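Single-structure report; data block below.
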Amino acid sequence: MTVRIWRISQQQLQQQQQQQQQQQQHQPQANANSTISTDSHNDFPLLQLERTLKGHTKGISDVVFSPNSKLLASASDDLTIRVWDLEFGEVIRILKGHTYHINTLSFNAKGTILASGSSDENVRLWDLMRGKCIKILSAHSDPISSIDFSFDCTIIASGSYDGLIRLFDLETGQCLKTLIYDKGGSSFPVCNVKFSPNSQYILSTSLDGALRLWDYMNNNVVKTFKNSNGLPIAEKFSTGSNFITYDGNLMVNSGDEFGDIVFWDLQTKVIQFKLNASSHQKPIINVDSLDSGKFLASVSIDGELTLWSYI
């Protein structure tokens, strides 16, 4: 199994944006500059294949860059985490310890600790300098789907198919909070958790199709984001979510089951705009910001990754 690293061609991107700006006025929307399809070998001028990293023997479930972009960590169903030096394309650490599929990874802000969440229901914290597991957090009763560090690196949040979000003190490993949304007598698997930039809130998505903003200190959902028709975002597929700043306003975004990326104003919950790439004909399963919010990447269940840049 392989990991491919792509470099964005800034010069060609700037040329394309200049042409677009000459043709139209500024609008609050984004352009899909390039789409990578896993089933084709088209030439995408804005993306250059930088490296192909080989080593895993089974499927790869997650990849994350270190904060300084010098390292890449990859998680696999082969029960290993590989940490790659991107300058040389070499593995510098192989981390072992999980007993079942590894689903999710997250670096702390300093890039010194890597967290991993697994279907063995544990979160492991790894000291990358020593290549050693320094803590095991027995977090959940079902597979762990998502983890994220607070921006001050004092708390780690984990989401699970058991419907719980747990928050742990990074130093002691103690569980500080357990969040569960169970109105109606039932809870739903949590797909994604993300701390807000000020670490005061957590954004979560779950398989009831809801995108929720938690005031976790008070165990309270303060906002729920829905599609323009008032319906849930997705009820059958895991969707990622993210915070993003656009024109000075903090927004949240998520993919939906119809191939759209939806942007809401964080304060008003009003949908500001939607993006749709002609390539995305099926549900979007993850979105993430790149290069300090200059770019947005979306991944669809149809096997395609689309790179967006803001006009």
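Indices start at 1 and increase along the chain as displayed.
Keep in mind that glycine also has a Cβ here, set from the backbone N, Cα and C atoms.
Look at TrEMBL and you will find 17-37 tagged as region 'Disordered'.
Taken from TrEMBL, the feature compositional bias 'Low complexity' applies to 17-29.
Residues or ranges marked as domain 'WDR5-like beta-propeller' in TrEMBL: 47-308.
Residues or ranges marked as repeat 'WD' by TrEMBL: 53-94 (among others).
Listed as Cβ neighbours of the repeat 'WD' (95-136) (distance under 8 Å, sequence separation of 6 or more from its ends, same chain) are residues 61-68, 71, 73-77, 79-83, 142-149, 151-153, 156, 158, 160, 168, 170, 173. Per TrEMBL, the feature repeat 'WD' maps to 95-136 (among others).
Annotation source TrEMBL lists repeat 'WD' at 137-178 (among others). Taken together, the residues in the repeat 'WD' (137-178) have a mean pLDDT of 95 on the 0 to 100 scale.
Look at the repeat 'WD' (183-224): DSSP puts its residues at 3 helix, 21 strand, 18 coil. Annotation source TrEMBL lists repeat 'WD' at 183-224 (among others).
What TrEMBL records for 277-311 (among others) is repeat 'WD'.
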Using DSSP, what's the helix, strand and coil tally for the repeat 'WD' (53-94)? 0 helix, 25 strand, 17 coil
Taking DSSP helix as H, G and I and strand as E and B, the repeat 'WD' (95-136) has 0 helix, 25 strand, 17 coil
Counting by DSSP, what is the helix, strand and coil composition of the repeat 'WD' (137-178)? 0 helix, 24 strand, 18 coil
